[in-house]
Amino acid sequence: MERTAIYAGSFDPVTNGHLDILKRGLKLFDRIIVAILINPNKQYLFSVEERISMLEEVTKEIPNTEIDTFSGLLVDYAEQKQAHAILRGMRAVSDFEYEFQLALMNRRLNREVQTVFLMTGLRWIFTSSSIIKEAARFGGNIHGMVPELVERRIDKKMKDTGLYIPPKNNKKQKG
């Protein structure tokens, strides 16, 4: 029986931390479905199509990975895909309480689906999509935190949408 897990998230954008969890998860599972959550109540930087495109591109060399989208309950999606596990990455203790509550609710909704937590590698422990977007917005260097393709797309999106705010010159003016 193939061991399939669902790795769900918004992936807005995908980070090197996400890819770290995915690669390490493949040591535990035969196949991982990276499932992009479609939440109409949330505002995203990238469209679903853009997120699918980025994920497909950055995972093309990672075997046994499938990119998909879902809405609704994650455990229902897992059952539909015949997956028996949900893979979750945790950066810090602060993630644990929320993730633990989600895991308990998912377990209550479907006892056949287990949640597996992986700690993010130390190199990525501070990395989140939100922090990366905020840094990029103000001209911060995000090189190495996201794949190069994603870095270019963030830069372009920030400039094309007017979200980019150039750093201010901190030199005192004479006068």
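Glycine too: its Cβ is placed from the backbone N, Cα and C atoms.
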- Candidate sharing the ATP site with SER10, PHE11, HIS18, GLY89, MET90, ARG91, TRP124, ILE125, PHE126, THR127, SER128, SER129, SER130 (per Swiss-Prot), from GLU2, GLU99: GLU99
- Just checking, which of HIS18, LYS42, ARG88 (binding-site residues) has the fewest C-beta atoms within 10 Å of its C-beta? LYS42
- Task: Other Cβ atoms within 10 Å is the metric here; tell me which of the binding-site residues LEU74, MET90, ILE125 scores highest.
- Result: LEU74
- Taking every pair from SER10, PHE11, HIS18, GLY89, MET90, ARG91, GLU99, TRP124, ILE125, PHE126, THR127, SER128, SER129, SER130 (the record's ATP binders), the biggest C-alpha distance in Å rounds to 18
- Message: Using DSSP and collapsing to three states, where does LYS42 (substrate binding site) fall: helix, strand or coil?
- Response: coil
